[in-house]
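Everything on this sheet refers to the single structure shown next.
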């Protein structure tokens with residue numbers, strides 16, 4: 001029996017289209033959620049007291065998240081196709097497997113970025129400039145694993161740009177006393193979930209010579225993840241205080257803390273399937289916080 005899921009939709013698509021959908025990871029929506037959710041936090045916090053978030057803006061950012069995550073994955077695979085062939089988990093990616101050519105992926109990337117630009121042009125001028133400023137991070141992030149053990153930090157700076165952009169899209173500019181702590185919290189969150197993700201590939205990464213926080217932290221990973229989680233929670237509290245959030249918001253922050261504590265305590269860094277499970281569960285973390293923001297605002 002067929003199930004309704006992103007992976008099933010990709011499998012049901014016409015065969016010539018499937019490599020492109022897999023190139024943009026449409027069959028693995030966890031990453032899209034992790035890119036989208038900081039946008040929802042910012043849009044929710046920027047809503048007027050007693051009001052729901054702007055559903056039009058949430059929808060617009062949802063489309064943008066799908067396109068920009070897809071573009072980021074395309075760029076990543078273009079840079080890494082030779083590395084991907086040497087890693088069991090990534091050897092079947094379309095570029096690494098030869099299902100599409102580098103030129104075809106470049107044309108596809110141009111299409112994704114063009115559509116993302118159309119989404120960006122729906123926003124105010126301040127947000128257009130702010131959104132365009134993130135493109136350099138999108139392009140350079142895939143190179144970071146070659147030169148630093150902290151590529152997850154650069155991913156955090158990239159993936160959480162929506163924490164700035166969502167607020168400016170609603171208010172016309174950033175309120176830095178709110179946006180910067182929210183952005184910092186998102187970066188710390190990314191360091192948690194992407195370090196867990198990186199532990200899936202650490203054996204292959206050592207062999208092919210790429211770097212990650214998983215290789216940097218080794219057996220001290222849980223201590224580092226605990227520190228990042230604490231920094232995230234404190235930053236969320238600062239952001240909430242600076243925009244006069246209420247009890248439901250802080251209850252959600254507490255729930256986020258409990259979820260992260262459970263993730264870290266039960267994590268087995270030597271089991272790739274457990275690392276994937278913990279990584280994917282971070283969607284729940286983001287949704288919990290968004291619900292808290294909405295209820296706190298009401």
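Quick reminder: no glycine exception, Cβ is built from N, Cα and C everywhere.
Record features (TrEMBL):
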- 123-141: transmembrane segment (TRANSMEM)
- 153-170: transmembrane segment (TRANSMEM)
- 182-198: transmembrane segment (TRANSMEM)
- 224-241: transmembrane segment (TRANSMEM)
- 247-267: transmembrane segment (TRANSMEM)
- 279-296: transmembrane segment (TRANSMEM)
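Tallying C-beta pairs under 8 angstroms between the transmembrane segment (182-198) and each of 123-141, 153-170, 224-241, 247-267, 279-296 places 224-241 first. Two recorded stretches are said to be in contact when at least 3 C-beta pairs lie under 8 angstroms, sequence spacing 6 or more; the transmembrane segment (153-170) and the transmembrane segment (123-141) meet this definition. Same-chain residues lying 6 or more positions outside the transmembrane segment (224-241) and placing a CB less than 8 Å from one of its CB atoms are 45, 178-179, 181-182, 184-186, 188-189, 191-192, 195-196, 213, 217, 249-250, 253, 256-257, 260-261, 264, 267, 289, 296.
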